[in-house]
């Protein structure tokens, strides 16, 4: 691990960001592919109801990812700060806590999904046509819940100790497994939606095995030993305090998507399927920018722990320039080839027409959305739980949810579709206000140095 210290301490900011963010951007690309393949291969069956079923089941799946992010991002931030403070023994305690807490959370979550399935189907707005398919998907996911939680958490923990390349490889291993298994199980074995879910679970298991091998290796400071499991030195509180803002983003995303799907379902399952495809396609633009922001988090955490505020500020500035470029280029590509992109997922003219309109609307905030992610993950890296919580909650919940209800009341279906980009823009404004306050804080600290 000592060989990676120069990334945090002495490498030029663009070089350090490239080393840490390139693997996380690649990891996010892997995540996008991972999320797209189910919809893609289910779409090849030509049944919009099955696509809609996967779309309405996805928000429930995100709850497991939210649990993983509590221990992943929360643990990663704590690990980065411990690394900056040269407290290597604490890193073992943190990672062991995250591992065993993740197992327990996955077991509880899976049991809830299985026992509460009828209620869950009702809550997510499943219709008579989509309900049976959604149940097939969620039952299969529930049995693999612990693997989903841990495979979401571990890439962040691995990045926290500076091994970003291994984090990318682990995620890619699971994605490759999923991509290989999806066509075999969905189409070849005619398992349909259930096959998509089983392939997803197996992919998570493959990733998890890789990360466990990494954690047990001599080059890693992480630990999964029960003897290192200690709820002391406020480890649990610190991990959860930072992890909740990160997980809140997934929780609110799940809740808002459930509300959105229920609203769209009143206009027909075609609308649900179309929005599902549009949002899957939009993930590439969102996650590429998010990937860079996640990549700088260990660098922010280390700089903050080492009290190198000048470097911290430079990292944030350069990152914002990068996400603006990424967002602008990707938005231009999407607007130029909207129909081609939507058409990849399904051969149904009605779904394609509706999906194109929805995707173009979602792209309104594409060029500048990354700015908010840079601030959000920077706040998390610095341990500013309150600021991170406020910003995470604004985009996916406290702004988006009211926009859904308001948009539906004012403009019906169009209002529902425009709710997300409007919420994005409002959240970016909130982020800029936070930046002004943060910039004053940095100047005050630098003047005292």
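Including glycine, each Cβ sits where the backbone N, Cα and C put it.
Taken from TrEMBL, the feature transmembrane segment applies to 12-34 (among others).
What TrEMBL lists as transmembrane segment is 54-76 (among others).
Annotation comment: TrEMBL describes 97-117 (among others) as transmembrane segment.
The transmembrane segment annotation in TrEMBL covers 137-157 (among others). Counting same-chain residues at least six beyond the ends of the transmembrane segment (137-157), those with a Cβ under 8 angstroms from any Cβ of the stretch are 27, 53-54, 57, 60-61, 64-65, 67-73, 75-76, 79, 95, 98-99, 102-103, 105-107, 109-111, 113-114, 117, 120, 167-168, 170-171, 174, 193-194, 196-198, 200-202, 204-205, 207-208, 211-212, 215, 222, 294.
The transmembrane segment feature in TrEMBL is assigned to 169-189 (among others).
The annotation transmembrane segment is assigned in TrEMBL to 195-214 (among others).
Feature annotation from TrEMBL assigns transmembrane segment to 235-255 (among others).
Per TrEMBL, the feature transmembrane segment maps to 284-306 (among others). Here the transmembrane segment (284-306) has long-range neighbours at 7-9, 16-17, 20-29, 31-32, 73, 76-77, 80-85, 156, 159-160, 162, 164, 312, 315-316, 319, 322-323, 326-327, 330-331, 334, 363, 366, 369-370, 373-374, 376-378, 380-383, meaning same-chain residues at least 6 beyond its ends whose C-beta is under 8 angstroms from one of its own.
Marked as transmembrane segment by TrEMBL: 318-337 (among others). Under 8 Å from some Cβ of the transmembrane segment (318-337) lie the Cβ atoms of residues 13-14, 17, 21, 281-282, 284-285, 288-289, 292-293, 296, 359-360, 363, 366-371, 373-374, all in the same chain and six or more residues away from its ends.
Taken from TrEMBL, the feature transmembrane segment covers 357-375 (among others).
Here the transmembrane segment (387-411) has Cβ contacts under 8 Å with residues 242, 244-246, 248-249, 252-253, 255-256, 259-260, 263, 372, 375-377, 379-380, 417-420, 422-424, 426-427, 430-431, 434 of the same chain, all six or more residues outside its ends. What TrEMBL records for 387-411 (among others) is transmembrane segment.
Annotated transmembrane segment per TrEMBL: 417-438 (among others), in sequence order. Only residues 6 or more beyond the boundaries of the transmembrane segment (417-438), in the same chain, are considered here, and those with a CB under 8 A from a CB of the stretch are 260, 275, 357-358, 361-365, 368-369, 371-372, 375-376, 379, 387, 390-391, 394-396, 399-400, 403-404, 406-407, 411.
In this chain, the transmembrane segment (54-76) lies apart from the transmembrane segment (169-189): fewer than three C-beta pairs between them fall below 8 angstroms, excluding pairs fewer than 6 positions apart.
Listed as Cβ neighbours of the transmembrane segment (12-34) (distance under 8 Å, sequence separation of 6 or more from its ends, same chain) are residues 155, 159, 162, 164-165, 167-168, 171-172, 174-175, 178-179, 200, 203, 283-284, 287-288, 290-292, 294-296, 298-299, 311, 314-315, 318-319, 322. Below 8 A, the CB atoms of the transmembrane segment (235-255) and the transmembrane segment (169-189) form no more than two pairs separated by six or more positions in the chain, fewer than 3 in all.
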